[in-house]
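Since the structure comes first, as structure tokens, the remarks are kept for the end.
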Amino acid sequence: MVRIATYASHSALQILKGAKDEGFGTIAFGKPRVKLLYTKYFPVADYFLEGDYPEDKLLELDAVVIPTGSFIAHLGVELVEKMRVPYFGNKEVLKWESDRSLERKWLEKAKLTLPRIYEDPDDIDRPVIVKPHGAKGGRGYFIAKSSKDFWEKAEKFLGIRSKEDLKNVQIQEYVVGVPIYPHYFYSKITGELELMSIDRRYESNVDAIGRIPSREQLDLDLDVTYTVVGNIPLVLRESLLMDVIEAGERVVKASEELMGGLWGPFCLEGVFTPDMEFVVFEISARIVAGTNLFINGSPYTWLKYDEPMSTGRRIAREIKIAIEEGKLEEVVT
């Protein structure tokens, strides 16, 4: 009997609740301290296994692991690629998502509008945002206005002192606009893309600085940071929905040519500019924490399903359909 398992963090509550709604047994695994969160306060886990990745026990319980950002961050891409436990999704996608140069190639292949990338900090001629590689919830991001500003902040925030240390960061043009994070689900079984929900992030300290009068901001000499602390639901202007949907379709098509396909949940992270252009910064090729806003469904999933449908439940339903049709091996790697 297949059970659905995930690392006890990030979006595990939503994933396991969705799995229960679809009739699956559930497993959370992770640090002992959080056991009661998943078994008592929010009783969504039938089993709680201690450890970052208790592989033998997961195999014994016939688990299918659902990846999250926390899971990838804790184990690392190399270990996840070697997992013996069935993994929902295409593991090949991981290296394309975690390496910003490969990610850029993917998004360019999808013909999305992207910000300029600066290979040399000395070429900075406008505001840029500097991003370390990997899924870290915005930690280590910073804004720089010039080459001099870049080097000062790179040493302060990331310990970078020379160009030889730049291989693990990306210097990206800062595009002004409204941040949006559309959440998608692509079904390998039906070949259909679904827009599940949309959010924007609440980040520390950038979203709190506006509460401080400008004069005091200058006196405090604050450094802006972008660590994600929460999420805010967003319903997009209806005339912009096709821009978002078409971007998702192109990303899936490009993935089929580059890495054998992307299926399951993913998110494009970008902004709508004042000219109503959707500029994409990066992709999260897995469930994102912004979907936690919609455990009982979103305005978009209600239009399609007429029942509560979270991204976590949609994952479980895909696995359920795959089992019923004898296609489970097609949706796990």
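Any Cβ shown, glycine's included, is placed from N, Cα and C.
Quick caveat, the model's predicted, so the values are computed rather than measured.
Per Swiss-Prot, the feature ATP binding site maps to 121-181, Glu203; the stated evidence is sequence analysis. The annotation Mg(2+) binding site is assigned in Swiss-Prot to Glu269, Glu282. Here Swiss-Prot flags 91-324 as domain 'ATP-grasp', drawing on sequence analysis.
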Rounded to the nearest Å - Cα separation of Gly177 (ATP binding site) and Glu269 (Mg(2+) binding site): 12
Binding-site residues compared (Lys145, Lys153, Arg161) - the one with the fewest other Cβ atoms within 10 Å: Arg161
Number of Cβ atoms other than its own within 10 Å, given for Glu282 (Mg(2+) binding site): 20
Spatial neighbours of Glu269 (Mg(2+) binding site) that are distant in sequence (at least 6 apart) but have CB under 8 A: Pro179, Tyr181, Val280, Phe281, Glu282, Ile283, Ser284
Other CB atoms, at most 10 A from the CB of Ile129 (ATP binding site): 18
Packing count at Val169 (ATP binding site) (other Cβ atoms within 10 Å of its Cβ): 18
Pro121 (ATP binding site): tally of other CB atoms within 10 A of its CB: 21
Number of other Cβ atoms within 10 Å of the Cβ of Gly177 (ATP binding site) across all protein chains: 15
